[in-house]
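I'd like to ask you about the structure that follows.
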Amino acid sequence: MGPKAPTTPTKKAAATKSKPKPNHPTYQVMISTAIAHYKDRTGSSQPAIIKYIEANYNVAPDTFKTQLKLALKRLVAKGTLTMVKASYKLSEEGKKEHQATLGPVAKKPKAKTTATSTETTAAPPATPTKKAAPKKPAAKAASTSTKTAAAKKNSAKVTKAVSKKPAAKKAPSKKVAAKK
(Lines of atoms letter the chains of each structure in order from A and count residues from 1; the text may use other names and numbers.)
(Lines give C-alpha, C1' and ligand atoms only; values in the text may rest on other atoms or scores of the structure.)
Protein backbone atom coordinates (compact mmCIF):
# COMPACT_ATOMS: atom_id res chain seq x y z
CA MET A 1 0.00 0.00 0.00
CA GLY A 2 2.92 2.30 0.59
CA PRO A 3 3.90 2.69 -3.11
CA LYS A 4 0.32 3.40 -4.24
CA ALA A 5 -0.19 6.38 -1.94
CA PRO A 6 2.66 8.53 -3.38
CA THR A 7 1.54 7.94 -7.00
CA THR A 8 -1.83 9.62 -6.47
CA PRO A 9 -0.43 13.03 -5.38
CA THR A 10 2.08 13.04 -8.25
CA LYS A 11 -0.74 12.54 -10.73
CA LYS A 12 -2.59 15.54 -9.29
CA ALA A 13 0.55 17.66 -9.41
CA ALA A 14 1.17 16.65 -13.01
CA ALA A 15 -2.42 17.49 -13.92
CA THR A 16 -2.14 21.01 -12.51
CA LYS A 17 1.17 21.64 -14.28
CA SER A 18 -0.17 20.50 -17.66
CA LYS A 19 -2.84 23.23 -17.79
CA PRO A 20 -1.08 26.61 -17.96
CA LYS A 21 -3.25 29.59 -18.86
CA PRO A 22 -2.59 30.95 -22.36
CA ASN A 23 -1.23 34.47 -22.77
CA HIS A 24 -3.64 35.25 -25.59
CA PRO A 25 -7.42 35.66 -25.93
CA THR A 26 -9.63 32.93 -27.33
CA TYR A 27 -9.21 31.90 -30.95
CA GLN A 28 -12.64 33.32 -31.74
CA VAL A 29 -11.58 36.78 -30.56
CA MET A 30 -8.23 36.62 -32.35
CA ILE A 31 -9.80 35.47 -35.63
CA SER A 32 -12.58 38.06 -35.53
CA THR A 33 -10.10 40.89 -34.84
CA ALA A 34 -7.88 39.69 -37.69
CA ILE A 35 -10.79 39.62 -40.13
CA ALA A 36 -12.09 42.99 -38.92
CA HIS A 37 -8.59 44.46 -39.25
CA TYR A 38 -8.24 43.61 -42.94
CA LYS A 39 -11.79 44.77 -43.89
CA ASP A 40 -11.73 42.96 -47.23
CA ARG A 41 -15.03 42.71 -49.07
CA THR A 42 -14.36 39.11 -49.98
CA GLY A 43 -13.04 38.16 -46.54
CA SER A 44 -9.59 37.27 -45.23
CA SER A 45 -7.63 34.21 -46.25
CA GLN A 46 -6.28 31.73 -43.74
CA PRO A 47 -2.62 32.73 -44.33
CA ALA A 48 -3.53 36.40 -43.77
CA ILE A 49 -5.28 35.51 -40.51
CA ILE A 50 -2.27 33.45 -39.42
CA LYS A 51 0.12 36.29 -40.24
CA TYR A 52 -1.94 38.84 -38.28
CA ILE A 53 -2.33 36.62 -35.20
CA GLU A 54 1.36 35.67 -35.11
CA ALA A 55 2.31 39.35 -35.35
CA ASN A 56 -0.07 40.59 -32.66
CA TYR A 57 -0.50 37.74 -30.16
CA ASN A 58 1.82 35.46 -28.23
CA VAL A 59 0.76 31.99 -29.42
CA ALA A 60 2.46 28.61 -29.19
CA PRO A 61 3.95 27.95 -32.65
CA ASP A 62 3.81 24.15 -32.44
CA THR A 63 0.02 23.78 -32.14
CA PHE A 64 -1.11 27.16 -33.41
CA LYS A 65 -1.96 26.31 -37.02
CA THR A 66 -3.90 23.16 -36.19
CA GLN A 67 -5.82 24.95 -33.44
CA LEU A 68 -6.59 27.78 -35.83
CA LYS A 69 -7.92 25.39 -38.49
CA LEU A 70 -10.15 23.70 -35.94
CA ALA A 71 -11.35 27.06 -34.63
CA LEU A 72 -12.18 28.25 -38.15
CA LYS A 73 -14.20 25.10 -38.82
CA ARG A 74 -15.97 25.49 -35.47
CA LEU A 75 -16.83 29.13 -36.13
CA VAL A 76 -18.15 28.35 -39.63
CA ALA A 77 -20.31 25.55 -38.23
CA LYS A 78 -21.52 27.83 -35.43
CA GLY A 79 -22.45 30.57 -37.90
CA THR A 80 -20.07 33.23 -36.61
CA LEU A 81 -18.02 33.10 -39.82
CA THR A 82 -18.99 32.49 -43.41
CA MET A 83 -16.62 30.86 -45.86
CA VAL A 84 -16.36 32.52 -49.27
CA LYS A 85 -14.15 30.51 -51.64
CA ALA A 86 -10.94 30.26 -49.58
CA SER A 87 -11.64 33.30 -47.40
CA TYR A 88 -13.51 33.88 -44.17
CA LYS A 89 -15.91 36.73 -43.44
CA LEU A 90 -17.71 37.73 -40.26
CA SER A 91 -21.40 36.97 -40.52
CA GLU A 92 -23.99 39.36 -39.07
CA GLU A 93 -23.94 37.40 -35.80
CA GLY A 94 -20.15 37.43 -35.84
CA LYS A 95 -20.06 41.20 -36.33
CA LYS A 96 -22.39 41.69 -33.36
CA GLU A 97 -20.28 39.37 -31.18
CA HIS A 98 -17.08 41.11 -32.29
CA GLN A 99 -18.45 44.55 -31.46
CA ALA A 100 -19.66 43.26 -28.08
CA THR A 101 -16.16 42.01 -27.27
CA LEU A 102 -14.62 45.29 -28.43
CA GLY A 103 -16.94 47.41 -26.26
CA PRO A 104 -14.83 47.12 -23.08
CA VAL A 105 -11.63 47.38 -25.11
CA ALA A 106 -12.78 50.69 -26.62
CA LYS A 107 -13.35 52.15 -23.14
CA LYS A 108 -9.82 51.34 -21.98
CA PRO A 109 -8.05 53.49 -24.63
CA LYS A 110 -10.28 56.42 -23.65
CA ALA A 111 -8.98 56.13 -20.11
CA LYS A 112 -5.43 56.01 -21.47
CA THR A 113 -6.00 59.15 -23.53
CA THR A 114 -7.24 61.03 -20.47
CA ALA A 115 -4.11 59.93 -18.64
CA THR A 116 -1.94 61.22 -21.46
CA SER A 117 -3.84 64.50 -21.56
CA THR A 118 -3.22 65.01 -17.84
CA GLU A 119 0.44 64.28 -18.45
CA THR A 120 0.59 66.90 -21.20
CA THR A 121 -1.07 69.48 -18.97
CA ALA A 122 1.40 68.65 -16.21
CA ALA A 123 4.38 69.08 -18.54
CA PRO A 124 3.86 72.77 -19.57
CA PRO A 125 4.01 74.14 -15.96
CA ALA A 126 7.35 72.39 -15.51
CA THR A 127 8.88 74.13 -18.52
CA PRO A 128 8.20 77.77 -17.43
CA THR A 129 9.83 77.20 -14.03
CA LYS A 130 13.11 76.27 -15.71
CA LYS A 131 13.23 79.47 -17.77
CA ALA A 132 14.41 82.62 -15.95
CA ALA A 133 13.35 85.38 -18.35
CA PRO A 134 10.03 86.95 -17.20
CA LYS A 135 8.84 87.99 -20.69
CA LYS A 136 9.45 84.66 -22.38
CA PRO A 137 7.40 82.36 -20.08
CA ALA A 138 4.16 84.21 -20.78
CA ALA A 139 4.68 84.01 -24.53
CA LYS A 140 5.77 80.39 -24.36
CA ALA A 141 2.86 79.48 -22.10
CA ALA A 142 0.52 80.83 -24.75
CA SER A 143 2.37 78.86 -27.40
CA THR A 144 2.10 75.65 -25.36
CA SER A 145 -1.63 76.17 -24.99
CA THR A 146 -1.91 76.59 -28.75
CA LYS A 147 0.16 73.44 -29.18
CA THR A 148 -2.20 71.46 -26.96
CA ALA A 149 -5.16 72.89 -28.86
CA ALA A 150 -3.46 71.95 -32.12
CA ALA A 151 -2.82 68.47 -30.77
CA LYS A 152 -6.50 68.14 -29.91
CA LYS A 153 -7.44 69.30 -33.40
CA ASN A 154 -5.03 66.78 -34.92
CA SER A 155 -6.61 63.96 -32.92
CA ALA A 156 -10.02 65.11 -34.10
CA LYS A 157 -8.76 65.13 -37.68
CA VAL A 158 -7.43 61.62 -37.30
CA THR A 159 -10.81 60.34 -36.14
CA LYS A 160 -12.54 62.18 -38.96
CA ALA A 161 -10.12 60.75 -41.48
CA VAL A 162 -10.81 57.26 -40.23
CA SER A 163 -14.54 57.82 -40.58
CA LYS A 164 -14.10 59.21 -44.09
CA LYS A 165 -12.14 56.23 -45.39
CA PRO A 166 -15.03 53.73 -45.23
CA ALA A 167 -17.31 56.27 -46.92
CA ALA A 168 -14.77 56.68 -49.70
CA LYS A 169 -14.64 52.92 -50.20
CA LYS A 170 -18.42 52.72 -50.40
CA ALA A 171 -18.74 55.51 -52.98
CA PRO A 172 -16.67 53.82 -55.74
CA SER A 173 -18.56 50.57 -55.30
CA LYS A 174 -21.84 52.41 -55.86
CA LYS A 175 -20.44 54.00 -59.03
CA VAL A 176 -19.39 50.61 -60.33
CA ALA A 177 -22.89 49.30 -59.69
CA ALA A 178 -24.36 52.29 -61.56
CA LYS A 179 -22.19 51.58 -64.62
CA LYS A 180 -23.57 48.07 -64.93
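For all residues, glycine too, the Cβ spot is worked out from N, Cα and C.
Keep in mind it's a predicted model, so treat the numbers as computed, not measured.
I grabbed these lines from Swiss-Prot:
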REGION    1-25  region 'Disordered'
COMPBIAS  1-17  compositional bias 'Low complexity'
DOMAIN    23-92  domain 'H15'
REGION    91-180  region 'Disordered'
COMPBIAS  112-131  compositional bias 'Low complexity'
COMPBIAS  139-161  compositional bias 'Low complexity'
COMPBIAS  162-180  compositional bias 'Basic residues'
By DSSP assignment, list the helix, strand and coil residue numbers for the domain 'H15' (23-92), in that order.
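Per DSSP, the residues of the domain 'H15' (23-92) fall into 39 helix, 10 strand, 21 coil.
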Suppose you look only at the domain 'H15' (23-92); what would the mean pLDDT be?
82
